[in-house]
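What TrEMBL shows for this protein is this:
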| type | residues | note |
| --- | --- | --- |
| BINDING | G107, A108, F140, D225, E226, V227, Q228, T283 | pyridoxal 5'-phosphate binding site |
| BINDING | R143, T282 | N(2)-acetyl-L-ornithine binding site |
| MOD_RES | K254 | N6-(pyridoxal phosphate)lysine |
Amino acid sequence: MSGSAPVTRETFDSVMLPVYAPATFVPVKGQGSRVWDQQGNEFIDFSGGIAVTALGHCHPALVAALKTQGEAIWHTSNLFTNEPALRLAKKLIDATFAERVFFANSGAEANEAAFKLARRYAIQRHSPYKTKIIAFHNAFHGRTLFTVSVGGQPKYSDGFGPKPADIIHVPFNDLAAVKAVIDDHTCAVVLEPVQGEGGITAVDADFLRGVRELCDKHQALLVFDEVQSGMGRTGTLFTYMQYGITPDILTSAKALGGGFPISAMLTTNEIASVMEPGVHGTTYGGNPLACAVAEAAFDVINTSAVLSGVQQRHQYIVSRLEEINHQYHAFSEVRGLGLLIGAQLQPKYQGKARDFLAASVEQGLMVLNAGPDVIRFAPSLVITSEELESGMAKFEKAVKAIVEAQG
Ligand SMILES: *Cc1c(COP(=O)(O)O)cnc(C)c1O
């Protein structure tokens, strides 16, 4: 720290591009599902870095992997391959439908690769006019211009000039709406098995089956964005596994590195075969540090102990939310899968999700929103029962404070 002036939350407002509105405190340390700020105040973390820190903060297996790799080799570029990337790719392939892996650094980049691959596959195998992408209202796929355009929230994609063309949005879970727009010019249907940013909405099994059939009929690829719903978040390694519907392309990020930036796009040999050296890439994709940490996270998450624990924790959170709601009537619905849970605010609290977050911070709890009307819970998959109980007690106090203030 020698020679640097102290930084505080206020520093943010004068040095950062104003695209975020961070909380009033600055976290400096984390352990498990506890976080401490600059003043030493303690918080329970139900936000999980937005479904990223799936094993909590500073999990010993991840710290060990990072240290070991940090003393071996950090970066080589894709002019050379590396052992952690190859090992991680093999594990992802062994555990899923996939036969080929592409590594990148963020969810948006994995999706960008997925959409480019879907377009290229359709153009090469079928026709230069087979470029239509069908996506869904309220979907979120990242912030590059292509991914934000496939995303279904115009407020994120408007105002940046011309968007990539031939992208159609229809209501989520509405099979008739997909049927009405899908045709032989469609290259892909893209969806999140649980819409995350859009408000924690799980896909309906019948809808998903129907979409799979429509894709097969029109030779369109089915792309699952499991950036948020994957890596154990809903109780199976990927959410598609509990629906029994297999995608052609799947993207993973967020929890994949447990807090170290990495993403992956998974696909089959047949689809991968339209790619060749030079067609796509990224400098950091498959970085050894990222892959070593992700491999360690994978080894812990893809165990029955961790995955079955997700369901128990889900039950606990949902039952506590129901108790709290019985008393305070703040929510109209509690929904979601595994440890991706949304509490929809009653109309009288419309637009007030951020107020609930601020009230939670007052109680020493970090929690998320998913849009203006939904409180989102995405804690560590291995959060202890003591941390869970403490966090829910804090949340109850936050709800009480808001409800009483509202009158
Ligand atoms: C977070 C998220 C993304 C974007 O990931 P980044 O790492 O922020 O680029 C894409 N899709 C879904 C479903 C997400 O939740």
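Residue positions begin at 1 at the first shown residue.
Glycine is treated like the rest: Cβ placed from N, Cα and C.
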Reported as an integer number of Å, what is the Cα distance between R143 (N(2)-acetyl-L-ornithine binding site) and A108 (pyridoxal 5'-phosphate binding site)?
6
Between the binding-site residues Q228, T282, T283, whose Cβ has more other Cβ atoms within 10 Å than any of the rest?
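Ranked by Cβ atoms within 10 Å, first place goes to Q228.
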How big is the pyridoxal 5'-phosphate site in terms of the longest C-alpha to C-alpha distance among G107, A108, F140, D225, E226, V227, Q228, T283, in angstrom?
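Site span for pyridoxal 5'-phosphate, by Cα atoms: 25 Å.
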Highest CB neighbour count within 10 A among the binding-site residues A108, V227?
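That would be V227, with the highest Cβ count within 10 Å.
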Kindly point out which of the binding-site residues G107, D225, E226, V227, T282, T283 have a C-beta less than 6 Å from some atom of ligand 1.
G107, D225, V227
Any idea what the Cα distance is from D225 (pyridoxal 5'-phosphate binding site) over to K254 (N6-(pyridoxal phosphate)lysine), rounded to a whole Å?
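Given the Cα positions, D225 (pyridoxal 5'-phosphate binding site) is 11 Å from K254 (N6-(pyridoxal phosphate)lysine).
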Quick check for the class: what is the C-alpha distance, in angstrom and rounded, between the residue listed as 'N6-(pyridoxal phosphate)lysine' and Q228 (pyridoxal 5'-phosphate binding site)?
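Taking the Cα atoms only, the residue listed as 'N6-(pyridoxal phosphate)lysine' lies 6 Å from Q228 (pyridoxal 5'-phosphate binding site).
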Fewest other CB within 10 angstroms, which one of the recorded positions R143, K254?
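Minimum Cβ neighbour count within 10 Å, taken over the recorded positions R143, K254, occurs at R143.
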What's the CA to CA span in angstrom from F140 (pyridoxal 5'-phosphate binding site) over to T282 (N(2)-acetyl-L-ornithine binding site)?
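Roughly 22 Å, rounded to the nearest whole number.
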In sequence order, which residues at least six apart in the same chain have a CB under 8 Å from the CB of E226 (pyridoxal 5'-phosphate binding site)?
E192, P193, F238, T239, Y240, L250, T251, S252
